[in-house]
Amino acid sequence: MSIDPANDSKLAPEANDATLGDVDRWIEQLKKCEPLSEADVEMLCDKAREVLCQENNVQPVRNPVTVCGDIHGQFHDLMELFKIGGDVPDMNYLFMGDYVDRGYHSVETVSLLVAMKLRYPNRITILRGNHESRQITQVYGFYDECLRKYGSANVWKHFTNLFDYFPLTALIEDRIFCLHGGLSPSIDSLDHVRTLDRVQEVPHEGPMCDLLWSDPDDRCGWGISPRGAGYTFGQDISETFNHANGLSLTARAHQLVMEGFNWAHDGDVVTIFSAPNYCYRCGNQAAILEVDDTMNQVFLQFDPAPREGEPVIARRTPDYFL
């Protein structure tokens with residue numbers, strides 16, 4: 001699945017004010033888990049916005065590609081993911097949201113992924129998760145981390161403004177539909193997703209909210225979500241949606257699964273979770289999904305990266321996660 005990066009060696013044309021050298025320097029700095037300066041974050045977000053605003057609500061993605069679930073600020077595990085799956089730009093990646101909150105290094109994690117997007121716009125796709133929102137990040141850690149590392153909320157504002165431009169979903173070779181959460185009773189076609197106005201804070205209800213918050217369920221039909229946003233949807237719903245839209249699979253993230261991936265709805269839906277030992281205590285494996293150039297699918301599972309300088313937390317499984 002290695003790809004010759006020669007055709008993607010130039011910086012996104014919209015990002016010419018940030019030189020190739022600038023962005024390469026940012027990436028190397030971030031790979032050492034060293035946060036960028038506030039001024040560099042501002043420039044990064046300004047230039048990344050110019051790239052992301054050109055992308056679609058249903059962003060087309062070519063194979064081969066590696067599909068990833070939640071990261072949640074677990075920076076060293078993101079480095080492990082690239083070690084297992086291959087580095088950018090040698091491999092194509094599709095991340096399905098939730099880069100921030102809960103982990104210790106949300107700033108470095110989201111900065112690196114956005115810098116990679118700016119440097120190699122055709123090699124990496126970054127979708128929006130329910131945690132890429134102003135309201136959620138004020139509760140679950142990213143806001144506080146920005147205050148602690150920068151002394152003000154400016155970096156948080158730069159990133160949360162940028163989150164409004166992240167694509168909502170992606171479509172691999174017209175066959176695999178990828179999104180953070182799940183389906184919506186308001187949406188029966190990909191064309192409907194394409195018409196949504198995504199450049200806004202994640203709403204509390206409605207189709208955009210549902211795409212980022214919903215979960216598959218064993219019960220048929222639509223159900224009330226215990227999360228307080230989105231819906232649960234049954235096998236009948238996903239089967240109908242996939243068939244109506246010519247899809248072979250809906251891939252999503254959003255839920256902790258102990259093996260890193262979990263099939264549901266008789267193979268119509270798969271959940272991918274890419275944060276091993278979630279919250280540094282859950283004991284789960286992580287996984288990524290490799291889709292090759294013939295659309296064959298292989299899951300790669302991985303364990304946490306060795307930890308340095310982080311507190312050891314006794315493992316326990318919380319009752320519920322957002």
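For all residues, glycine too, the Cβ spot is worked out from N, Cα and C.
Swiss-Prot names ASP98, HIS180, HIS254 as Mn(2+) 2 ligands; from the candidate set ASN130, ASN154, ASN284, the record adds ASN130 to that same site. Reported as a whole number, the C-alpha separation between HIS131 (active site, proton donor) and HIS254 (Mn(2+) 2 binding site) equals 10 Å. According to its DSSP assignment, ASN130 (Mn(2+) 2 binding site) is coil. Counting Cβ atoms from all protein chains shown, HIS254 (Mn(2+) 2 binding site) has 28 others lying within 10 Å of its own Cβ.
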